[in-house]
Each structure stands twice: as structure tokens, then as C-alpha cells.
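Annotated in TrEMBL:
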type: COILED; residues: 201-228; note: coiled coil
type: DOMAIN; residues: 419-480; note: domain 'TGS'
Amino acid sequence: MIEARPLQNILEAMSSKNDASLALVSKAYEFAKEAHKDQKRFSGDPYFTHPAEVAFLLAQAGMCPEAISAGLVHDTIEDAGTKPKAIEQEFGPEVLSLVEGVTKLGTLRYRGLERHTESLRKLFAATAKDIRVLIIKLMDRLHNARTLEHVPRAEKRARIAQETLEIYAPIADRLGMSVAKQELEDAAFPFAYPKEYEKTRELMKERKNENEKRLEKVEKDLKRALAEAGLREFRTEARIKGLYSLFRKLERKHWDIGKIYDIRALRIIFPTVADCYTALGVIHGEWRPVPGKIKDYIAFPKPNGYQSIHTTVYTGDGSALEMQLRTEAMHREAQYGIASHLSYKETQGGTAQGSRGGLEWIRQFLPAWRRGAGKDVGVGPSGSISVPAWVKELARADTAAEGASEEYLDTLKSDFFSHRVFVFTPKGDVIDLPLSATPIDFAYAVHSDLGNRMSGARVNGKLVSLDTPLRNGDMVEIVTKPPGRPTRKWHDIAKTSMAKKHIRAALATQQKKR
Ligand code: MN
């Protein structure tokens, strides 16, 4: 049996250390510990080990004290019968709203329907009224994925693992949270694809030693070359590719591991952007670069905000090695993404690149918004960033970062909900429909046959008329008592062209029969 992570660990990991912040988190720690005191995890460990670990992950990611506190008490309403009122009294409305958001997300279920996966990702993003809810949920899942081996049924383990790979890891990726993404993937991989996991692990093991030796030599040569060029202030870090990510790449390369050059990469972290470009010159003077492998994500960040210069060089022993050059601020951003600048107001950390990262992420989810608001941060319709605008953006990034999270939130809500509604089948599948869609549209979106046999509909358990506009989160059940059949009126009520098309076809068939 393991002990819960001590409060001290969480407090030390926090980026905001004023008295009020520390007091709030300490109080939440004791509150959750008490609330879960009689409960156990599947592993037999005290239940409290889970929220304590979630809070620690949130603190490490640089989240604010309210989010860390919410992480501590996130399961108390559902699993310990704590009243929402009590949480509000103890910790205020902000913490309560975060906890309620996380609880609500927990009720959504992934059913493995390919075509609904993207909808579900969007629903997750939209349902979380506050982006912090999404991050708490990600860390909740990360700890649950890490302890997946203890979940009793194999079937359930596989479902959680699939859901983690299909829904949570892509969300972490879009939030730029690469550490969380890789950990989610690698925790879930063995349970989702056991055979492929073993095969990948074997291949990785074979290559590990030779890679390590080579890396050491290159690193030594690199340090010498950089020092000769006058670059002395930097640190290096070896990056090992995650097993799941390696597996995906192996699939694309027909399982030829010799074709994968970035199993290990060398990160070199400098104080300034100028150092990165100088170092690139030094590196290319020392080793021959692999053509087509030089990527300047500093001038042209990835859609999720990622910034670094990548180059792969021939290391003279018949092999090649990827190097990634970045600043400390870019490094933090690359690891923790959006989370790293939600709480950075206080600590003045280098957030120069931060705000843009988040905006880019939202743009991926919201194509319409991309066309509108993209202009004032210098992003063209294609999402590419022109250099002058980028420079301008850097100059005003400090102030931009402040309102950034609120900006995401507003955009997420207004743009997202103004165009689509997401409703559920009784099994929990998500159906994505245009605004003011009706049960008729829903039925035809599920299956044309269901539409044609429909006689009525229940929304959230209540019988409704067929012209009732559906709202986000409604659970819709189609009643098929004979003689259900489409009418001309249905055609007028329906909002989607798919429903109208099927109704016309059905009406034409009825006509012929007569
Ligand atoms: Mn939980």
C-alpha cells in the first residue's frame, strides 16, 4: 500500500507561492483527505492517493491555486457525497465551478464510433466552460491511466485505454501539453494494443544501447563546438521518443526502425532566440545536415504553438541524430503548453510565445473563427504567421498573455455553440447537428431507417413534439411505434439537408404505392 503524496510536494511544485495560495491548497488537501478517508482505489491504496497525485500534476504544470485545489476535491461530490454547497463555502464559487465542470465531463462516454470521435473531442472542449476544467480532467485521466493495471476487467481497461488514446491524448496535444500527451499515450498503449506494444518495446530495446553511446559522443563534440563559437550558456537534454509515438511511426515506415531518426533527439536550450540561430550555424558547420529535415518552428510555430528549430544531422557513423534548439521559455511552453501560461501572471515567466500557442489551438477547433479574429495576431487564412506580425506579437505578448485564457474561453463558447449542437443517443453516442436541429434531424442522422420508422421522440425522458429544437447535451430517444412514416410536415420542420433528402425519397415511394 502506498501513501498519498505529501502536501509539501504539492506546495513546492506550485508556481504561485503567496500565503493565500498556499493556504487554499493546504485546506483543500486536508478537506479531500478527510472526505475520502474510508475509500480505496482498485489497487487497495487509499483513494486520496488519486486526487493528491492529480493536484501534484497540476502544480507541476504551473496551474493556479484554484485549479490545484479543484484537483484535490474533484472527486468529493461524486465519490464521497460531499455537497456542492460545502465546497462553495470552504473554497468559493470558482473552485466549485471547476469541480462541477470536471464532474460533468466525467459522465461523457466514448463508444468507439470512429465518426464521432472528433465530435466528442469538440464536445469535451466546448462542455468545459473553462479551459482549466479540461486540464484538470486531463490530469485526472493521466493518473487513472497510470494505474490502469488495477482496474479489474480487461474489457474495461481496454475501453479506458482506447478513450485515452483517441480523446484525451489528442486534446493534450492540441493544448500543446506534450508531456501529458506522451504520458497519456504510453500509459494507455499496453492496454489498448498489447501485441503491438510488446513488438515496439522489443525493437526499442535493441536500439537503446547503441543510441545511448552515439548520443554521448555527439553531445561532447557539440559542447566543444558551441564553446569554440562563444556559446557557453546552454544546457542539453536527451529526449526519448514515446513508445506509442514510435509505434505510430513504425506503422508508417513498414516497421523498419532503421528509417526512424528521432528515437532519440538532443535538445539544446539557450537563453535567447539569437543563440538558437547561431547554434544552428555551428551545428551545420560541424555535421552535414540531412536534406529536408531542417524545420524552423521558431519563425513558423506549429498550430499548437510549439516552437523550436529542428535539424537532423549525419553523425559520421552511418547514422543521423535530430537536434532541437529552443529557449527556456519555449521549452516550458513545449512541455506544458496552455497550462504553462494560465497562471504565469504572477511569476513573470517567459510567456512571450505563450499566448499565440493557445490561440492557434483554438483555431484548429474553430475554422470559422480563424478567418475572423486571426488577422490581428498576424495569422493569415492558412494559419501561417508572417515574420513582421510575429515580431509585433512578441513585443506585445506580455499584455496579450494576461487576457489570453479568457479570450479562448469566450471564443470557445460564442463561436462553438452558435453553430452546432451536440446531443446524445440513449447509449451515449454523440450526434453533431446544426443549430435548431429537431428530433427529425437527429433520427435521420443516426440512420435513415430510424427516421422512416419514427412516430415520436423523447428528449431527456420526456415526450416532445417533433419540431422541438434540440439543445446541447440533450439525450434524444426516437420512438418507433407503427405506423411511423414521414410526412410533408416533417419535411418543413427538418433543418438538415440529409433529413430532407430522405423524407422526400420516402414521400415519393409512398406516392408510387398509392
Ligand atoms: Mn478522479
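One is the number of the first residue shown, and numbering goes on along the chain from there.
Keep in mind that glycine also has a Cβ here, set from the backbone N, Cα and C atoms.
Automated prediction, rather than curation, is the source of TrEMBL annotations.
Long-range contacts of the coiled coil (201-228) within the same chain: residues 234, 236, 238, 243, 246, 250, 255, 257, 263-264, 266, 268, 279, 282-283, 285-286, 315, 317, 319, 321, 323, each at least 6 residues beyond the stretch ends and with a Cβ under 8 Å from a Cβ of the stretch.
Sorting the domain 'TGS' (419-480) by DSSP state (H, G, I as helix; E, B as strand; all else coil) yields 14 helix, 22 strand, 26 coil. The average pLDDT for the domain 'TGS' (419-480) in the predicted structure is 86.
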